[in-house]
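> One structure follows; several queries about it will come next.
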Amino acid sequence: MAAGKFASLPRHMPVNHQFPLASSMDLLSSKSPLAEHRTEAYPDVSIHGTLPRKKKGPPPIRSCDSASHMGTLPHSKSPRQSSPLTQDLILEKPLPDWKGDSFAFRDPYLLDPTLEYVKFSKERHIMDRTPERLKKELEEELLLSSEDLRSHAWYHGRIPRQVSENLVQRDGDFLVRDSLSSPGNFVLTCQWKNLAQHFKINRTVLRLSEAYSRVQYQFEMESFDSIPGLVRCYVGNRRPISQQSGAIIFQPINRTVPLWCLEERYGTSPGRGREGSFAEGRPDVVKRLSLTTGGIQARDHSLPRGNLLRNKDKSGSQPACLDHVQDRKAATLKAHQSESHLPIGCKLPPQSPSVDTSPCPNSPVFRTGSEPTLSPALVRRFSSDARAGEALRGSDSQLCPKPPPKPCKVPFLKVPPSPSPWLNSEANYCELNPAFAVGCDRGAKLLSQALDSHEMLLTAKQNGASGPRNSGINYSILDGDDQGRHWDPLAVQTDEGQEDETKFVPPVMETVSSFRPNDFESKLLPPENKPLETAMLKHAKELFTNHDARVIAQHMLSVDCKVARILEVSEDMKRSMGVSSGLELITLPHGRQLRLDIIERHNTMAIGIAVDILGCTGTLENRAGTLNKIIQVAMELKDTMGDLYSFSAIMKALEMPQITRLEKTWTALRHHYTQTAILYEKQLKPFSKILHEGRESTYVPASSVSVPLLMPLVTLMERQAVTFEGTDMWEKNDESCEIMLSHLATARFMAEASESYRMNAERVLADFQPDEEMTEILKTEFQMRLLWGSKGAEVNQNERYDKFNQILTALSRKLEPPSGKQAEL
């Protein structure tokens with residue numbers, strides 16, 4: 001075979017007739033060897049109709065030799081003359097001037113001209129591909145629904161494992177691809193710790209009823225209805241994909257070409273070869289429409305299965321099998337025929353064992369339109385990956401051709417209409433428990449009994465007894481031994497004389513604070529006292545000075561655990577809260593009062609520590625010593641006690657503007673207590689910043705925390721109109737939205753790990769012997785009475801904070817008067 005365009009001609013393909021070998025120059029010769037054959041025995045075949053008859057000259061040449069390649073024959077050495085055999089043909093591509101080429105004889109087994117033209121059109125269409133066209137097709141894929149996997153650029157389709165490993169280069173890079181070893185499943189490829197890792201996305205099918213099912217995806221813990229939802233959760237929350245690897249994904253690797261191009265590039269298109277698959281994946285490739293059943297059955301095996309390339313065209317009542325027959329104008333249909341009744345004879349895709357299908361009709365003509373469904377209210381969820389790329393017959397309403405079984409005609413459990421909350425007008429066959437309709441005879445016997453027990457049924461429901469579910473999920477898959485049981489209204493009987501201990505008690509919505517300063521019985525304070533009494537301040541300072549920093553930290557932890565309801569929570573309190581710990585209660589709507597109490601104690605504690613520092617009217621060394629003792633207590637709370645709540649209160653006091661402006665006091669601390677000053681600057685301040693930026697889970701092990709950081713969460717949920725401290729420092733950060741999300745995620749973890757915090761607190765306070773006076777001065781009621789007096793403690797919170805802010809400013813200026821250049825507070 002000669003080089004050039006003749007190289008694309010296939011070899012050894014049998015046809016109906018054999019011709020003698022002839023040179024291409026014989027087409028221009030008047031003495032063609034083909035003249036010996038009678039042309040009447042070989043009817044002409046042409047893609048544009050019949051060739052013009054030859055009036056004079058040599059016998060006509062078959063169109064398969066002269067016109068099948070559409071002007072691809074080479075020039076002769078002499079200037080080519082227009083032949084009467086080819087003058088009416090349309091050249092689709094200008095011919096180059098080939099000179100000096102030598103031509104060999106043709107293969108006697110020539111391809112049918114119609115099929116050869118289709119193959120030539122495919123190859124030419126591929127050669128005409130431009131980056132603009134690919135970009136446009138990629139944009140069309142990305143504009144699909146967000147729940148469609150193809151609309152996400154991080155989905156790369158059927159690419160090999162090695163290729164995906166080469167795409168992820170940095171820690172956090174990830175992409176999703178089809179599993180080549182397990183068709184129908186998906187794999188997440190990412191890089192973590194400079195190592196490419198592959199995680200199979202587990203696919204679980206939940207049976208909602210006999211005829212319907214739902215697909216969910218998960219890695220280890222939480223499951224999702226779609227893969228995009230799964231990826232959004234793990235990327236947004238920076239959640240490790242697995243506990244063993246700890247891999248975190250946050251940087252998607254996006255594809256730059258359409259999915260079909262990736263499959264053809266790496267040769268991973270399922271069920272077809274490399275040569276023909278490149279064009280079959282394109283929607284605008286010219287294809288011949290055959291109206292014969294035999295031709296389509298031969299072509300049916302080449303249809304792609306298992307990919308997501310063409311699902312976007314299968315909608316409505318348009319037959320999906322016509323996706324592979326694009327050139328509809330090529331077929332001549334009669335007036336009474338429509339495209340929906342073309343005898344395409346496509347086979348149904350293989351169904352999963354859990355879904356029953358009816359056999360495909362033998363007739364090549366069948367209905368492809370929509371059919372009404374029995375359950376219009378039920379949203380059928382079919383994952384795009386389970387049936388992707390398969391030729392579907394008719395619209396999506398025929399994916400489950402077998403309807404659910406009809407109920408028994410005897411309404412053996414039918415009761416008169418009632419306003420029961422579980423009755424719903426949208427109930428359908430899927431809501432029926434199959435165990436109900438074991439036999440119609442049994443149902444007929446129970447009919448009269450059920451009608452008589454209707455009043456008892458309503459009474460039982462008011463008492464909290466459960467009836468038949470009206471939800472889309474059949475929980476029988478979770479009830480291993482109770483699958484055969486069904487709800488019997490006659491069995492719902494309760495003794496009015498006996499009280500059910502397991503009866504649900506609604507939680508109590510608390511409206512009054514647990515801090516009652518005027519009802520507080522104190523051994524140190526009189527029944528009525530004035531704000532900031534000197535004798536009380538001096539006695540409290542002596543107690544604070546005489547005790548060790550660790551002992552003070554233990555007392556603070558003990559009081560904090562009682563206020564936050566971590567320790568000493570009675571059963572009655574648990575029943576009224578609805579939960580077992582205050583750490584879970586503060587995340588719930590009816591925990592508002594506890595959140596306000598936590599804010600009150602935190603602010604009161606911070607103000608009391610500031611007063612302890614600013615109330616030292618003695619020498620500069622005394623103030624530095626008090627500051628040193630407070631920093632030591634903060635270190636004990638952080639390292640030994642794990643009480644991050646009181647730790648944040650101390651750090652808040654030390655970072656108040658009235659304290660930070662005391663330059664002489666901080667200088668004296670550096671001179672006399674150098675090690676303490678270094679610990680404060682190098683450890684405590686950076687650690688406090690990490691806590692308020694929501695990164696404590698990275699630097700603080702959960703096993704060492706007794707009381708977590710509560711203030712960011714309760715502040716977000718109970719923001720006051722006027723706060724003592726103004727906005728928190730993390731709210732002034734450029735990444736405040738991400739920090740807020742991190743605090744909310746930490747709150748969820750707090751509620752889940754409340755039992756772990758309780759055990760840690762009990763372990764730390766195992767050998768603790770409390771001192772009554774030290775415990776009293778650390779209680780919130782005592783501090784409120786000491787700071788605002790017996791009358792002022794009952795005043796509005798915002799008013800109290802605003803007035804005390806002015807008092808602290810005055811005390812600070814009295815200790816160290818501002819210079820002329822110093823800006824006023």
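The backbone N, Cα and C atoms fix where each Cβ goes, and this holds for glycine too.
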> Between the candidate ranges 344-348, 564-568, 744-748, where does Swiss-Prot place the region 'Mediates the interaction with BCAR1/p130CAS' annotation?
744-748
> What Cα-Cα separation, expressed in whole Å, is found between R748 (site 'Required for interaction with NEDD9') and S182 (phosphoserine)?
36
> Ten-angstrom check, please: count other Cβ atoms within 10 Å of the Cβ of R748 (site 'Required for interaction with NEDD9'), all chains counted.
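I count 12 other Cβ atoms within 10 Å of it.
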> Considering every residue in the domain 'SH2' (154-253), what is the mean pLDDT value?
89
> Within 10 angstroms of the C-beta of S182 (phosphoserine), what count of other C-beta atoms is obtained when all protein chains are considered?
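I get 11 for this one.
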> For S182 (phosphoserine), name the DSSP secondary structure in the helix/strand/coil scheme.
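The residue in question, S182 (phosphoserine), is coil (DSSP, three-state).
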